[in-house]
Every structure is written in structure tokens, then in C-alpha cells.
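Chemist: According to TrEMBL, the feature repeat 'Solcar' maps to 21-105, 120-208, 228-313. The transmembrane segment annotation in TrEMBL covers 24-45.
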């Protein structure tokens, strides 16, 4: 099976070498910043639910939102936003570059095996998603640690800070550089498989949907209209978010708890696991599953639509 066809099946997916890279990075920074502004509150709610104790008053997403709006207003839903947006730009540059270059290499690598098109897309996208996540974690984890401490400050006994720099300064003072990388191993174990599952699910589900609609066969070789392309991409994003959130939420819950705990009550991953089981049983590992499902589906769908639009927007004239 021709690899170029595999990367452009049923829709106008544009190869990395056909993009105006400068425009891609500049426009992409603005585009993804806008999406982050719109969806950031979901991350705040999800994080608070994951670190809540069994005695917490706020037991669900709606009570967390009500509590934040009552005490802090809308700014409460954007705790740690400045830190995230500062680190998100370099992290996304690393992620997008490694994603596209690895995807091209992966398609070429598996081409001789003659897998079916959905399988080929799942493997290539999964490899690319995992690799790009591994590269971006070096930048993302310190941002994640700082922003999550800001998200939960003053909540369920967590310390208060004057801003992201205050968090970083106190972490460096108490734990050194390791403090900024607390939970790094679990972050890699959470986000890399999550990214792999997300991109694999997205790539393969699109191929199934296009085949279901009849594109790519002798019966329907014409190009789909733009709205059909957007609908298929959005559906693929929802499917990918559903699969990834169900598989990776337990690790994400453990990772979040490790990252936000104070220096004086530091616990190991094993202790966190035992505490979750004692408090809530095995369902404790799925704390915040609802917001995480919404977060991954909404983030994933919004990001992939923005990403695919960005690639079309930045395609060179000779594509």
C-alpha cells in the first residue's frame, strides 16, 4: 500500500514537507492559545476532583465550579493559566514537530508489512503520538507541577502561593530541580500511552469512518466536501478522547496527587494507591473521570480540528 495514500486517505491530510513551517508555528501558537483559553476551566475542575479528600464538601464537578465562582469568580476557573500558557507554546512546538516527522517515518517503516489501512494508520499515529509526548514531557512536566499546585491552592488543606514563580521558588528550595519534575515517571507513563492511544484511535477511526461513507473505494473516489471532512475529524477526536480517558485516568489520578502534595506530607506512588483504595475502593482511581472524559474529548476534538485547519491554512501552494 502506498504510504502517501495512507496519509491522505479520504481527506486532505497534508504531509509535513508540504507545510510553510514559519506560518505553521506562528499561527499555531495563536490558534492553540485560543483553544486553551476556552477549555482551561475543565482542567482546573478535573484536578480538584482528583486531589479531594473523602471529607471534601465538593464531591462533583458542579459543586467545584459553584465553589470557585462563589469565592473567586471567573478568575478562579483560570488558576495557573499564565504558567500553562507560557510553557505550552514551546511544548507544542516540540510536540507538533516530532509528531509530524515521526508519523512520516513510521508510515514508511511499516509499509512493507502490508497491514490494512486502519491498522497502518493506528500503528503509525500511535508511534508518533507516543514519541512526541516523550519529547515534550521535559518542558511540560515542570509547567504541569506548578500549574496544578496553583489550581488546588487553599483547597482541601493545600498551601497558598502568590503565583507561579512563588511555587517554583519554594519547590526548588525544598526539593531542588527534582521538585519541578515530581511525578515525571508517572507523567511519562500517563501521557505517552495516552498520546499513543489517542492518536492511534484517531487515525484508525477516521479510516473506518471514511470507508463507511464509501470514500477511497471504486464507488466513491470524489473528494469529500469541507463540512464532511470536519465532521469526520470531530467524530474521530471524540472516539479517541473516549478511549484514552478510560484507559489512562487511574495513572493520571495518581500522578496528580503526587504532584500537588506538600513537602511535609510527601507520599510514594504506592502510598497514594493504598490511600485511594482505603478511601474509595478501586473506583477511587477513576476520580474525575467525568471531567477527564470531557476534557480529553473536548480538548482532543478542538485541538485536532484546529490542527487540521492549521495544516490546510499553512499548506504551500504546490500541495
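Backbone N, Cα and C define each Cβ position, glycine as well.
Quick one: how deep are these features, and who are their neighbours?
Modeler: Across the repeat 'Solcar' (120-208), the model assigns an average pLDDT of 84.
The helix, strand and coil residue counts that DSSP assigns across the repeat 'Solcar' (228-313) are 79 helix, 0 strand, 7 coil.
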